[in-house]
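Here is the structure we will look at.
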Amino acid sequence: MVVAHPTATATTTPTATVTATVVMTTATMDLRDWLFLCYGLIAFLTEVIDSTTCPSVCRCDNGFIYCNDRGLTSIPADIPDDATTLYLQNNQINNAGIPQDLKTKVNVQVIYLYENDLDEFPINLPRSLRELHLQDNNVRTIARDSLARIPLLEKLHLDDNSVSTVSIEEDAFADSKQLKLLFLSRNHLSSIPSGLPHTLEELRLDDNRISTIPLHAFKGLNSLRRLVLDGNLLANQRIADDTFSRLQNLTELSLVRNSLAAPPLNLPSAHLQKLYLQDNAISHIPYNTLAKMRELERLDLSNNNLTTLPRGLFDDLGNLAQLLLRNNPWFCGCNLMWLRDWVKARAAVVNVRGLMCQGPEKVRGMAIKDITSEMDECFETGPQGGVANAAAKTTASNHASATTPQGSLFTLKAKRPGLRLPDSNIDYPMATGDGAKTLAIHVKALTADSIRITWKATLPASSFRLSWLRLGHSPAVGSITETLVQGDKTEYLLTALEPKSTYIICMVTMETSNAYVADETPVCAKAETADSYGPTTTLNQEQNAGPMASLPLAGIIGGAVALVFLFLVLGAICWYVHQAGELLTRERAYNRGSRKKDDYMESGTKKDNSILEIRGPGLQMLPINPYRAKEEYVVHTIFPSNGSSLCKATHTIGYGTTRGYRDGGIPDIDYSYT
């Protein structure tokens with residue numbers, strides 16, 4: 001048994017060794033796995049913590065980072081990676097305050113940077129950006145490179161900046177393939193920006209300086225649905241004829257606060273739903289302006305100069321729900337009888353506001369829908385008259401209504417029915433026909449550069465079209481100038497004319513209050529301005545006005561010089577008198593006598609409270625208290641005993657019961673104290 005034991009030991013030792021090795025290997029592999037898992041978990045947690053870290057000056061909420069109204073001069077550098085919307089408005093951030101690592105935030109889609117200190121379009125923006133607000137900054141330029149860095153941009157707000165037409169780089173929007181909304185309100189634009197993206201659906205250019213719109217201004221904008229041009233300098237003559245007709249998908253057009261005399265020609269009719277024309281100078285509307293606008297729901301013509309509307313203007317407006325006509329001088333005559341009937345018939349579906357009569361006098365202040373008996377007089381029967389004649393005149397007027405010239409800036413043609421370009425060799429008689437009987441004009445040259453025009457209309461009119469042309473130089477092509485004159489005016493003064501020149505002046509009635517003018521032939525007259533050196537010039541009139549006007553210029557200058565010299569002499573005399581008086585005063589001060597200064601001091605002390613002022617070698621006493629002293633003071637010196645001191649007490653003048661006491665308790669016998 002002793003021999004077998006070692007054998008057993010030798011046999012079992014290799015097995016134990018193998019088992020221990022396997023156990024150690026397994027333990028080692030498990031430890032490595034655990035270490036790897038722990039490292040990965042730590043890295044993941046670190047990434048999560050970094051992505052959710054919020055800047056200390058901001059507030060974060062599920063991807064929305066609120067850093068607005070903090071007075072920041074730069075964007076915080078530790079913006080979380082999961083941020084989707086950055087609110088950075090109402091700060092003082094400039095272009096240098098936009099960090100470069102902002103473009104690495106690939107989840108950011110909306111940035112609000114309005115009301116900051118940006119003077120250039122920011123470039124360090126994430127490519128994922130879809131909406132950018134830059135209102136109320138000082139951005140001056142729009143470069144193609146800046147927009148190319150954010151190709152996914154859909155909405156760009158640049159209101160209230162300093163962008164001008166020349167500061168927009170050519171093809172600046174060439175890489176903005178997804179831009180749908182562009183706001184450029186309240187900038188310095190003088191024309192429509194070129195190269196706008198074809199994907200644009202909403203364009204706002206209100207409150208700029210746009211005065212002209214050429215034919216190609218909106219070329220290719222087939223997706224445009226909303227166009228706002230309020231508060232510009234637009235007039236009919238500076239808008240090309242087919243400017244808006246190409247915008248077939250337009251649903252809203254706003255031309256508020258411009259200088260339109262009539263609605264623009266060829267408005268888009270297929271899908272237009274809202275048309276805003278208020279706050280212009282519109283005095284007439286052609287009968288076919290709103291033709292085929294079957295989708296129109298809202299029409300605003302408030303704050304214009306309309307007195308009447310042509311029959312059938314609203315015939316195609318089957319979906320019209322709101323019609324605003326406030327603040328117009330409506331003349332509720334027979335020509336508006338059709339409108340009264342239309343308002344009553346559509347009262348259930350159309351909300352009409354502001355159709356208040358301003359004339360005739362008997363219906364002033366009444367709503368047109370409430371007028372019955374006055375308009376029923378238009379139906380008086382008679383042979384070939386009554387309703388038939390009134391209807392015939394009204395119908396004829398619809399087709400003969402004047403159209404404000406539009407597009408003449410680009411076509412260089414004057415569209416004036418019945419008015420040819422004047423020729424200096426042709427005489428211009430007064431117009432004939434029914435239209436000529438309603439208007440008579442008289443012209444008179446006042447000065448070398450002005451002509452006065454007066455006229456008389458037999459029927460009240462909403463407006464007159466006045467045109468004039470200088471003759472004698474180029475009969476075939478003349479520079480015709482025209483303007484619209486309100487119907488209540490009876491005279492007009494032409495100024496800034498050429499001296500000794502012949503002018504042909506024509507006037508036509510746009511619309512009368514009771515019936516339209518069937519014949520639009522203008523009434524014309526000639527006038528010749530005076531010679532610039534003739535007796536009718538303003539200068540000669542002023543010279544002949546009175547005797548003072550004939551004084552030579554040298555006499556006027558001499559009189560002015562004499563007047564100035566007189567003032568100088570008087571000033572010298574006043575100065576001399578002043579100096580002499582001061583010397584006399586000083587002499588008297590020297591010769592006052594030999595009284596001593598102590599006398600002045602003593603008398604001043606005894607009589608009243610005074611101050612001493614030293615002037616020259618003597619003393620002068622100036623009283624400052626006009627009241628008499630209430631009691632005289634006698635000064636006594638009190639010698640206190642050894643070891644005692646004087647106590648101080650307040651003394652009031654006029655109260656004799658107040659006494660002072662020494663430390664020994666013995667009262668003083670005097671009423672004054674030291």
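Backbone N, Cα and C atoms are what each Cβ position is placed from, and that goes for glycine too.
Predicted, not measured: the structure shown is a model, and the values here were computed from it.
Pulled from Swiss-Prot:
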DOMAIN    328-380  domain 'LRRCT'
CARBOHYD  ASN249  N-linked glycosylation site
CARBOHYD  ASN305  N-linked glycosylation site
REPEAT    82-103  repeat 'LRR 1'
REPEAT    107-127  repeat 'LRR 2'
REPEAT    128-149  repeat 'LRR 3'
REPEAT    152-173  repeat 'LRR 4'
REPEAT    178-199  repeat 'LRR 5'
REPEAT    200-220  repeat 'LRR 6'
REPEAT    223-246  repeat 'LRR 7'
REPEAT    249-269  repeat 'LRR 8'
REPEAT    271-292  repeat 'LRR 9'
REPEAT    295-316  repeat 'LRR 10'
TOPO_DOM  574-674  topological domain 'Cytoplasmic'
TRANSMEM  553-573  transmembrane segment
Q. Near the Cβ of ASN249 (N-linked glycosylation site), how many other Cβ atoms are there if near means within 10 Å?
A. 14
**Q.** Same chain, 6+ residues apart, C-beta under 8 Å of the C-beta of ASN305 (N-linked glycosylation site), given in sequence order
**A.** ALA281, ILE282, SER283, ASN328, PRO329, SER462, SER463, GLN486
Q | Residues from the same chain, set at least six apart from the ends of the repeat 'LRR 5' (178-199), whose C-beta lies under 8 A from its own | A | 135, 151-165, 168, 170-172, 205-214, 217-218, 220-223, 228
Q) Under an 8 Å Cβ to Cβ limit, what residues of the same chain, 6 or more beyond the ends of the repeat 'LRR 3' (128-149), are close to it? A) 89, 103, 105-122, 155-164, 167-176, 183
Q. DSSP helix, strand and coil counts for the repeat 'LRR 9' (271-292)?
A. 0 helix, 3 strand, 19 coil
Q) Which residues of the same chain, at least 6 past either end of the repeat 'LRR 9' (271-292), have a Cβ under 8 Å from a Cβ in it? A) 230, 248-263, 298-307, 309-314, 316-317, 324, 398-399, 401-404, 462-463, 484, 486, 510-511
Q: Grab the same-chain neighbours of the repeat 'LRR 2' (107-127) for me: Cβ-Cβ under 8 Å, and only residues 6 or more beyond its ends, written as numbers and ranges.
A: 63, 68, 81-95, 98-100, 133-143, 145-147, 149-152, 157
**Q.** Folded-back contacts onto the repeat 'LRR 1' (82-103), same chain, C-beta under 8 angstroms, at least six residues removed
**A.** 51-52, 60, 63-75, 109-120, 122-127, 133, 149
Q. How does the model score the repeat 'LRR 2' (107-127) in terms of mean pLDDT?
A. 94
